[in-house]
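Trainee: Mind looking over this structure? Questions follow.
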Amino acid sequence: MFVKLKLIFFFFLLCQIMISSSQNLNFTYNGFHPPLTDISLQGLATVTPNGLLKLTNTSVQKTGHAFCTERIRFKDSQNGNVSSFSTTFVFAIHSQIPTLSGHGIAFVVAPTLGLPFALPSQYIGLFNISNNGNDTNHIFAVEFDTIQSSEFGDPNDNHVGIDLNGLRSANYSTAGYRDDHDKFQNLSLISRKRIQVWIDYDNRSHRIDVTVAPFDSDKPRKPLVSYVRDLSSILLEDMYVGFSSATGSVLSEHFLVGWSFRLNGEAPMLSLSKLPKLPRFEPRRISEFYKIGMPLISLSLIFSIIFLAFYIVRRKKKYEEELDDWETEFGKNRFRFKELYHATKGFKEKDLLGSGGFGRVYRGILPTTKLEVAVKRVSHDSKQGMKEFVAEIVSIGRMSHRNLVPLLGYCRRRGELLLVYDYMPNGSLDKYLYNNPETTLDWKQRSTIIKGVASGLFYLHEEWEQVVIHRDVKASNVLLDADFNGRLGDFGLARLYDHGSDPQTTHVVGTLGYLAPEHSRTGRATTTTDVYAFGAFLLEVVSGRRPIEFHSASDDTFLLVEWVFSLWLRGNIMEAKDPKLGSSGYDLEEVEMVLKLGLLCSHSDPRARPSMRQVLQYLRGDMALPELTPLDLSAGSVMNLGGRDGFSGIAMTDFSTVFKGFTGGSSIADSLLSGGR
């Protein structure tokens, strides 16, 4: 029993000795003379024959590490407290350029023997892009940084900082020391001279002190940098101590001359007289390359910068845009010109869909969404381009109707006006009506298109928040989607006015053959002038003929409204239908009704024309069209159709008296038609 007790006591005493030895670990290197079995060298780190630990050489963008191979028990496993520690060392930095170096040196306490994934340059071999600043690093370091890195908040290119898990220092100061008169003296880290450092951590006050001084000076009374922080959350139980360094683009060498360390006590003083001397540094002689080559390179660089600036300015002008106050509310629908330029492949002629008096239209594919669009680029010679463009933006930007061509957005640059529409794959209606088209529309398709356009025009007149006068209803402005549904487009001539107010338009704008007589006289556009144009459109779709045709051979002018009206007077109105429709397979009564409705909408008296609400009722069969009956036409009454010889003063029998039940009065339309707006 006594023997067992003696063995237990001996084992306990041995453990205490080992713990005490670990808790008071210390070592001193007055130079690093090979072989160094207890120091691990990594990266560029080597030992010179005279005992200098050379962390880096003149290689660029490299790291060098030197760590003591013995693990040090920094933290008490029972209470979690970090032990006090102290270290002192002497280092020097040699640079090929006296005023510039890269990138510095750091004393490190790390959880691993080396830092294999650390980066060079501004990361000083401590961290990389992904782990910089992570709490899981468990790295304490004091950096002696010779390059200012703004991303880490460095104050300058000659500073000392305390780093905890990252390169954004917890505290820092310009490198220097306070002399015996308490006056701060700057100290250049790249002076090519030996510099001595003291780093102390007190586990009771949790104070970290970093003191710096020239090689041959005593330790200053005041530290350069201090910081209070309990390192128990930073350091693990077992850690390694050592140094890290890194190079950047400037050729630099980092030397460690001597080093001592102690746990739970003050680090032993270095024997300065025994420390190895630095290699003699001689400045390089300026070669012929620097005398001749550098000026040539500089000159080439200047020309390159000028060319680059010219290219940037030219490119900026190429995609330059304009933005005015009125565009603010439509900002979300604004396209960049660069995007439209690439979408249309530079507005190539092969992507040109059409060209008119108001502008040219190009097919394009938006790079981001791959959406097919039609980009209308307004011609430079458009006299009222800006006004028309603004009207279009305001009227279409917020509209949403299945029979209107959606306006996706717009762009403006240096006087150019661009509108971006949803692309309609089947193009405009007119190409299916004239010039022997390859594809002929049957009556069902034409009827669907007519009803769709009527619905869209009714939306503009009565269903939207403001009255919108289209002013250019015609077959070429009706676009067909993939299912041959008619969509009313080209709002470049649209005008808005509030419900109940007079339209303030004074310019005669539109297309010959679709202009109402009163529009030619007064220059004012109203919903009734749109109805007149829609009447011409109805006759156009049913007959397959243009509202006006000039025959140069006979010097005659064909007026579609006049022709259909004359056929109706003779009782042969069905002769006006398009021969391509054939004679069967569709509702002939519906065709006749549409022709008569076209005449009614083309009435010379705007009060006699139906509203678009009534037009829809007729087309949908919700209300019967009033019967048209010829009366005595010998009274000589005439109507101005706005069709021939400048569309003023065309004599034509006035059929305002041929409708059954016509009595005249303040509202002719109300006496003729039921319903209303």
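Yeah, the Cβs are placed from backbone N, Cα and C, and that goes for glycine too.
Feature list, courtesy of Swiss-Prot:
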ACT_SITE  D472  active site, proton acceptor
BINDING   L353, G354, S355, G356, G357, F358, G359, R360, V361, K376  ATP binding site
CARBOHYD  N26  N-linked glycosylation site
CARBOHYD  N57  N-linked glycosylation site
CARBOHYD  N81  N-linked glycosylation site
CARBOHYD  N128  N-linked glycosylation site
CARBOHYD  N134  N-linked glycosylation site
CARBOHYD  N171  N-linked glycosylation site
CARBOHYD  N186  N-linked glycosylation site
CARBOHYD  N203  N-linked glycosylation site
REGION    24-262  region 'Legume-lectin like'
TOPO_DOM  23-291  topological domain 'Extracellular'
TOPO_DOM  313-677  topological domain 'Cytoplasmic'
TRANSMEM  292-312  transmembrane segment
Trainee: Work out the three-state DSSP category of D472 (active site, proton acceptor).
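Mentor: Where D472 (active site, proton acceptor) sits, the three-state DSSP reduction gives coil.
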Trainee: Please classify the secondary structure at N26 (N-linked glycosylation site) using three-state DSSP.
Mentor: strand
Trainee: What mean pLDDT score does the topological domain 'Extracellular' (23-291) have in the model?
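Mentor: For the topological domain 'Extracellular' (23-291), the model's average pLDDT rounds to 92.
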Trainee: Cα-Cα, whole number of Å: N26 (N-linked glycosylation site) versus D472 (active site, proton acceptor)?
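Mentor: Here the two Cα atoms are 96 Å apart.
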Trainee: For the glycosylation sites N26, N57, N81, N134, N203, which one has the sparsest Cβ surroundings, going by other Cβ atoms within 10 Å?
Mentor: N134
Trainee: Check each residue in the chain of V361 (ATP binding site) that is at least six apart in sequence and keep those whose C-beta is under 8 Å from its C-beta; list them in sequence order.
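Mentor: Counting only residues 6 or more apart in sequence, the Cβ neighbours of V361 (ATP binding site) under 8 Å are L352, L353, G354, S355, A374, V375, K376, R377.
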Trainee: 10 Å Cβ neighbour count around S355 (ATP binding site)?
Mentor: 12
Trainee: Compared by Cα position, which of the glycosylation sites N57, N134, N171 is the closest one to N128 (N-linked glycosylation site)?
Mentor: N134
Trainee: If we check Cα distances from N81 (N-linked glycosylation site), which of the recorded positions N57, N171, N186, D472 wins as closest?
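Mentor: Going through N57, N171, N186, D472 one by one, the closest to N81 (N-linked glycosylation site) is N171.
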Trainee: Out of the recorded positions N57, N171, N186, D472, give me the one sitting nearest to N203 (N-linked glycosylation site) by CA distance.
Mentor: N171
Trainee: In terms of DSSP three-state secondary structure, what is the assignment for N128 (N-linked glycosylation site)?
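Mentor: In the DSSP reduction, N128 (N-linked glycosylation site) maps to coil.
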Trainee: Within 10 Å of the Cβ of N171 (N-linked glycosylation site), how many other Cβ atoms can you find? Include all protein chains, please.
Mentor: 16
Trainee: Sorted by position, what residues of the same chain at least six away from N186 (N-linked glycosylation site) have a C-beta under 8 A from it?
Mentor: N158, T174, A175, G176
Trainee: To the nearest whole angstrom, what is the C-alpha distance linking D472 (active site, proton acceptor) and G359 (ATP binding site)?
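Mentor: That separation, Cα to Cα, works out to 15 Å.
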Trainee: Once the chains shown are all counted, how many other Cβ atoms turn up within 10 Å of the Cβ of G359 (ATP binding site)?
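Mentor: For G359 (ATP binding site), the count of other Cβ atoms within 10 Å is 24.
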Trainee: Pop the Cα-Cα gap between N134 (N-linked glycosylation site) and N57 (N-linked glycosylation site) into the table, whole Å please.
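Mentor: Approximately 30 Å lies between the Cα of N57 (N-linked glycosylation site) and that of N134 (N-linked glycosylation site).
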